[in-house]
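Participant: Below are the structure tokens for one structure; questions will follow.
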Amino acid sequence: MLNEKNILHKCRLFIIGASGHGKVIEALARESACYSKITILDDNEELKHIGKVPGGKEYALEFRDCADVIVGIGNAAIRKKIIEYYEEKQINVTSLTHPFSWVASDVRIDNGTVIMAGAVVQPGCTLGKGVIVNTSSSIDHDCKIGNYCHISVGSHIAGTVCIGDNTWIGAGATVSNNITICNDVMIGAGAVVVKDIMEPGTYVGVPAKKIG
Ligand SMILES: CC(C)(COP(=O)(O)OP(=O)(O)OC[C@H]1O[C@@H](n2cnc3c(N)ncnc32)[C@H](O)[C@@H]1OP(=O)(O)O)[C@@H](O)C(=O)NCCC(=O)NCCS
């Protein structure tokens, strides 16, 4: 669970998802220099013809004993489904932290979570399974971020915030300190959350208000 796991990887990494998010994870994995071989997989048959993608997610099963996998898909429901697929097949779903991010030593990070370049995660935080802490975002002290959340590029979560599962904080949004946000919430780009959000839905603006 601790981020020191990054130094204990096996030699081979499979990244599931060949689109934009997968590309960023590939760059992260290469920069971290933890793996001797990195392969991108995608269930989209058309991508196999490009040559770079040898197969879909089942391709990694052959390498069960000598490889880690990470899911590079932005959609939370698909990310969850694929992480669960590999857990069931008993392949290690790893977490990755970019060397140019800063994560306090006591932060607890669950499997399948990625922390991108320029991100900061302060002491006392817990990051659930399959979380994306995206480029140049920050999560301040004692926050709890639920499973499959996405803290988008340039967004800022102040101290002691609790965010439920499958919640997406949009690019450049801010969540004020001591706020609770429930499961299945979409916070629009640039929004500022100043009150607890206890009902799933989409919230935008300053201060953030529900639109759907
Ligand atoms: C909030 C969001 C999900 C809404 O998307 P949507 O459901 O397709 O909604 P629409 O684009 O139809 O917009 C609905 C209304 O909300 C407004 N709106 C949408 N996003 C808004 C935002 N971020 N801030 C303020 N208003 C917003 C629109 O202007 C529109 O207003 P109108 O009805 O007066 O014309 C989307 O706009 C958004 O912010 N996505 C975040 C993307 C992001 O951060 N990506 C990061 C990748 S790392």
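A Cβ is built for glycine as well, from the same backbone N, Cα and C atoms used for every other residue.
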Participant: For the substrate site that TrEMBL assigns to Ser19, Gly20, His21, which of Gly56, Gly74, Gly112 is also named?
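Facilitator: Record check against TrEMBL: substrate site with Ser19, Gly20, His21, extra candidate from Gly56, Gly74, Gly112 is Gly74.
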Participant: State the Cα to Cα distance, in Å, between His141 (active site, proton acceptor) and His150 (acetyl-CoA binding site), rounded to an integer.
Facilitator: 18
Participant: Apart from Ser19, Gly20, His21, Gly74, which residues in this chain have a Cβ no more than 8 Å from the mean position of the Cβ atoms of those residues at the substrate site?
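Facilitator: Here the nearby residues are Gly17, Gly22, Lys23, Val24, Gly72, Ile73.
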Participant: Tell me which residues of the chain lie with their Cβ under 8 angstroms from that of His21 (substrate binding site), as long as they are six or more apart in sequence?
Facilitator: Gly72, Ile73, Gly74, Ile132
Participant: Under 8 Å between C-beta atoms and at least six apart in sequence, can you list the same-chain neighbours of Asp142 (site 'Increases basicity of active site His'), or say none if there are none?
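Facilitator: Asp142 (site 'Increases basicity of active site His') has long-range Cβ partners Pro123, Gly124, Cys125, Gly159, Thr160.
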Participant: So which one is it: of the recorded positions His141, His150, which has the fewest other Cβ atoms within 10 Å?
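Facilitator: Result for the recorded positions His141, His150: minimum number of other Cβ atoms within 10 Å at His141.
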Participant: If you measure Ser19 (substrate binding site) to His150 (acetyl-CoA binding site) at Cα, how many Å is it?
Facilitator: 16
